[in-house]
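As recorded in TrEMBL, the features of this protein are as follows:
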- A:20-40: transmembrane segment (TRANSMEM)
- A:52-70: transmembrane segment (TRANSMEM)
- A:85-106: transmembrane segment (TRANSMEM)
- A:115-133: transmembrane segment (TRANSMEM)
- A:153-172: transmembrane segment (TRANSMEM)
- A:184-205: transmembrane segment (TRANSMEM)
- A:225-248: transmembrane segment (TRANSMEM)
- A:260-281: transmembrane segment (TRANSMEM)
Amino acid sequence: MTARTAARMREIEKGFLVGLGRAAGGSIVFALPVLMTMEMWSLGASMDRPRLALLLVAIVPLLVGLSHYIGFEETETWVDDLRDAFVAIAVGFVTSAIVLSLFGLIGPHLSFDEVLGAIVIQTVPASFGAVIAQGQLGQSDEADDSRNKQAGYGGSLLFVASGAVFLSFNIAPTEEIDFISASMTPWHAIALVLVSIAMMHAIVYSVGFEGQSATRPDDYSFWSVFVRNSLPGYAIALLVSAAMLWIFGRLDDLGASAALRLVIVLGFPAAMGAAFARLIVGGQS
Amino acid sequence: MAAKQPARREVGRLEWIVGALGAAIVVAVLGVLTHEALTYHEGAPVLVVKVLDVTPTEGGYVVRFMTENRGPSTAAEVVVAATLTDGDRVIERAETTLDYIARKSDRGAGVILKRDPASATLEIAATSYRKP
């Protein structure tokens, strides 16, 4: 190996370390609300184990997709994206473990079950934050920028789903959503659905999560956006919120109508997260 | 290196190592969770209380104890009651609530009694819990 390539390698490793630092910062920023929420610690101990495993499996494709469109590093192939997703998980896992230990929330006085569960739950928002940190805090890079614009329909739906997960994850385990849904009448629920869709459409139509102004298609009309983006977006938000509630075991003891109402209540933040996905997740574009 | 060239980004060894670490974490955690899921069975929590020590203080006799959950399921809002009896007569009663005790875990807590527990029979036991 010549001196020149050795120097180049050092430069690459140094650049990666800087990226790691940024990812760790991002993961702490995004995971703090969850790190400091009591329900989240106890959930780790009491959660159904297969569902906890499913949660960990489910974030991998989401992170791969996010990494592909916004990027923790500029990525070329799906191997790069997969590696970036696992880098994000490693960063998220380690930062969560460190912060939880600093707070004295995990330690030798707890059983292995509890410690592992608590860390795994925190890893979800933390690894999200690690990927997003690049989109929000990092410099924009040309390759990802252009792909951002070419994200296409499938890509935009992925943004919607990740935005919905992002905002509903913190809220799904709280007692408050039970209280809210219990104090609502059926009329409130209907109004909430309509308002959720209307707000989602307003945000989507004005921000435009597909392609942005650069490639605004001709059929960018009110109803076209409504049918192609806003309605499917709300449907995804509801699906995400139902999945979140089920994973956290919140739907287990509920009847169908109570469960639906809970899904609609959580669907509100999920829809807002979905609509703002382009702002929160899409970063600079 | 020419800026125009759409060169494939070079990846350092460290990046592969961290990526592999992430993959290893996922596989290991999934392995542990699967093992737990397979060995898990729904059952009653087994709550055992052990007294650690009794300290006379100005505020009363502080009885510190550990509540251990040896059962397969987590218990929430575990109420532990301490009763001080002299024969059939209940002299004093105190209770405390523990937020939750995970399976195969323990939690420390205490009750404060006015009378010296050594002067009578002290009994401490978990009296109720809630499914989390």
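Here the Cβ of each residue, glycine as well, is placed from N, Cα and C on the backbone.
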Residues of the parent chain within Cβ reach of the transmembrane segment (A:225-248), under 8 Å, 6 or more residues beyond its termini: 43, 47, 51-52, 54-55, 153, 156-157, 160-161, 164-165, 168-169, 172-173, 196-197, 200-201, 204-205, 208-210, 259, 262-264, 266-267, 269-271, 273-275
Tertiary contacts of the transmembrane segment (A:260-281), as residues 6+ beyond its ends and Cβ separation under 8 Å: 66, 70, 132, 135-136, 159-168, 171-172, 177-178, 180-181, 184, 189, 192-193, 195-197, 199-200, 203-204, 207-209, 233-234, 236-238, 240-242, 244-245, 250-251, 254
Chain residues in Cβ proximity to the transmembrane segment (A:184-205) (below 8 Å; excluding those fewer than six residues from its ends, i.e. six or more beyond): 222, 225-226, 229-231, 233-234, 237, 261, 264-265, 267-268, 271-272, 274-276
Intrachain neighbours beyond the transmembrane segment (A:153-172), with Cβ under 8 angstroms and 6 or more residues off its ends: 30, 33-34, 37, 62, 65-66, 69, 124-125, 128, 209-210, 228-229, 232-233, 236-237, 240-241, 244-245, 248, 250, 266, 269-278, 280-282
